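Scroll down for the structure; my scribbles are underneath it.
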């Protein structure tokens, strides 16, 4: 039963990504074919190491991806740290409970990618988060699926952008249905993600 639930949640995250990716990116399965041809293996190995370190890697990475995609599309803007002049998405009250292991998964994968001279500064954090999410799903027993790559990292990360874009604990069914529908998801998909 748990594996069926994981499969359903995995497929819903794929649906979320396909509906929420920025439209200005030309996504393809082979986006890094020339600039970083081994990127998927590099990310997978880094995620595998993190997966074996702590059991929270899977839910933390999935939740991080969900929070990123629901705010401005899957642009990695959740990963940006605040500065003295800008409070970023990750510091909005709705995101303060995101587990550090999700961020750590992406940081370790990004470091592994950038350690390869050919790949340094060529792969977006948004793509790394999408691949890492797919990889934790697979490592946890869910399905493997191809991730289209070529997302641009978000140029904006403001805590005010989070307002009203994530489900609140007190939302009723109509509010939840509206929010998830706005993100291209059905009530059935919303229930599976809850």
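Any Cβ shown, glycine's included, is placed from N, Cα and C.
Keep in mind the model is a prediction, meaning the values are calculated, not measured.
The signal peptide annotation in TrEMBL covers 1-25.
According to TrEMBL, the domain 'Plant heme peroxidase family profile' annotation covers 26-194.
Look at TrEMBL and you will find 36-119 (among others) tagged as disulfide bond. In the three-state DSSP classification, residue 119 (disulfide bond) falls within coil.
In this structure, residue 63 (site 'Transition state stabilizer') is part of a helix by DSSP. Other Cβ atoms within 10 Å of the Cβ of residue 63 (site 'Transition state stabilizer'), summed over all protein chains shown, number 18. The feature site 'Transition state stabilizer' is assigned by TrEMBL to 63.
The feature active site, proton acceptor is assigned by TrEMBL to 67. Within its own chain, residue 67 (active site, proton acceptor) has 78, 89, 94, 95, 98, 166 as residues 6 or more apart in sequence whose C-beta sits under 8 angstroms from its own.
Here the Cβ of residue 68 (Ca(2+) binding site) has 31 other Cβ atoms within 10 Å, regardless of which shown protein chain they belong to. Taken residue by residue with DSSP, residue 68 (Ca(2+) binding site) is part of a helix. Residues annotated as Ca(2+) binding site in TrEMBL: 68, 71, 73, 75, 77, 89.
In the three-state DSSP scheme, residue 74 (disulfide bond) falls into the coil class. Per TrEMBL, the feature disulfide bond maps to 69-74 (among others).
Of all Cβ atoms in the protein chains displayed, 16 besides its own lie within 10 Å of the Cβ of residue 167 (substrate binding site). What TrEMBL lists as substrate binding site is 167.
When the recorded positions 36, 68, 73 are compared by Cα distance to residue 167 (substrate binding site), the shortest distance belongs to 68. Taken together, the residues of the domain 'Plant heme peroxidase family profile' (26-194) have an average pLDDT of 96.
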